[in-house]
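Colleague: Please find one structure pasted underneath; my questions will follow.
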Amino acid sequence: MPAPTQLFFPLIRNCELSRIYGTACYCHHKHLCCSPPYIPQSRPRYTPHPAYATFYRPKESWWQYTQGRRYASTPQKFYLTPPQVNSILKANEYSFKVPEFDGKNVSSVLGFDSNQLPANAPIEDRRSAATCLQTRGMLLGVFDGHAGCACSQAVSERLFYYIAVSLLPHETLLEIENAVESGRALLPILQWHKHPNDYFSKEASKLYFNSLRTYWQELIDLNTGESTDIDVKEALINAFKRLDNDISLEAQVGDPNSFLNYLVLRVAFSGATACVAHVDGVDLHVANTGDSRAMLGVQEEDGSWSAVTLSNDHNAQNEREVERLKLEHPKNEAKSVVKQDRLLGLLMPFRAFGDVKFKWSIDLQKRVIESGPDQLNDNEYTKFIPPNYYTPPYLTAEPEVTYHRLRPQDKFLVLATDGLWETMHRQDVVRIVGEYLTGMHHQQPIAVGGYKVTLGQMHGLLTERRAKMSSVFEDQNAATHLIRHAVGNNEFGAVDHERLSKMLSLPEELARMYRDDITIIVVQFNSHVVGAYQNQEQ
């Protein structure tokens, strides 16, 4: 249990910050100790427990934030200039265009844009993109970590290898295994498309390789060598489940290297959701574990945009997930397995990698912690056992896989962590990306909804829309453009530079209270190639 001073000083500091910025303070005991009134917009993945939570406060909406500042006794201005805003927004952006052959792009994917905007320090989100070299297709994914970034980092490095191996034919697996045994160079199976900030752990590479090799050896033994078509859905499910199993096993076995031993335990005790797309020609598979989302942007005949959801959130808002959990455990746990819209009253996503506190037996948890390094044994969170923990596992990493056959009207796919979906409706996301890609945004009338707008306000909105053209041209990345809207949109749906500047100026200790990490990948499809596939079949 943290010492009283450890609980006291964070509380005092955040109360002081709330007075400086005019915001409500939601303290460790969940008492509102500062004005103005506070209504949470969204909740974090973990509900605090006195055993390991010293301070907790959910995010507020921007409206509550600005209202609080409006009446602050000493208002403080901290505006970033447009170049400074752009520097922050573009720091993590990455774009990839599929290369052409003989002046033609024969892939159903034109390319993709990705970007990240941190709220946590360090950011807990991760992203990955790679082209499969020994099989057809491209893999793209976003990973949302919680209780730290260790698990999301490991999954972002490893999952695509497990998927690629699961898709390989028997003869290719044999060729790779023979190359390892004879010390020859291995066939490359993935070509990564990475931002310079997207790193791989060199220290853990050998450990990860050995676990992956054990997996493909088992696949070789299971396969008789007969040429059979590989089921992509089954391959995705097997890859997700096997990686999660390896994460758990590595933590149980440990490692002689003290650094690696602590690393595998950090990975296992933290958690991550994953939303991965595999695109092969017109075949699009989305494998989702958790509450990140995949959204398809469809352009209708009249030029309007519609959003098609290709994933389901695995949380309390999904009645099928709640029912699944209740059916997997005894009836006397029906009221405790999902409590306050959380798994065992603690965890928001009902599916995730890692999070062994919701998977291992109590005896196994105690045994691993007691034999682990001091950092783990001294950590109050790892020693805390969830309440009503009777029949584990309560959590799974098994993905829900959705299949969609691409059509010419399917223009793009948005993969994003929940930091985006908490701030924007799916239809707005698709419309903004669609208008950005087609340059049609300026033709849309201004929508004011039920707001009463004066002539002066309307003039301001028209001025903003004119200025919006320049922001589109300065954004060379669709994901960056979407983040700009997610963080800077006002109540009329236009980017407000003052608001955007304020949100990006928040200090680290306040940023997480108003938004989450945001990670986005926008995949643009090649309508001509997709249409050619369709014509060939007809």
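Including glycine, each Cβ sits where the backbone N, Cα and C put it.
Okay, these came from Swiss-Prot:
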type	residues	note
BINDING	Asp144, Gly145	Mn(2+) 1 binding site
BINDING	Asp144, Asp418, Asp516	Mn(2+) 2 binding site
DOMAIN	109-525	domain 'PPM-type phosphatase'
MOD_RES	Lys202	N6-acetyllysine
TRANSIT	1-71	transit peptide
Colleague: Output, ordered by sequence, the same-chain residues six or more apart from Asp144 (Mn(2+) 1 binding site) with a CB under 8 Å from its CB, or 'none'.
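Modeller: Residues satisfying the criterion: Glu124, Asp125, Ser152, Ala272, Thr273, Ala274, Gly290, Asp291, Ser292, Thr417, Asp418, Gly419, Asp517, Thr519.
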Colleague: Highest CB neighbour count within 10 A among the recorded positions Gly145, Lys202, Asp418, Asp516?
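Modeller: Compared across Gly145, Lys202, Asp418, Asp516, the most Cβ atoms within 10 Å surround Gly145.
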Colleague: Between Gly145 (Mn(2+) 1 binding site) and Asp516 (Mn(2+) 2 binding site), what C-alpha distance do you get in Å?
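Modeller: Just about 11 Å between their Cα atoms.
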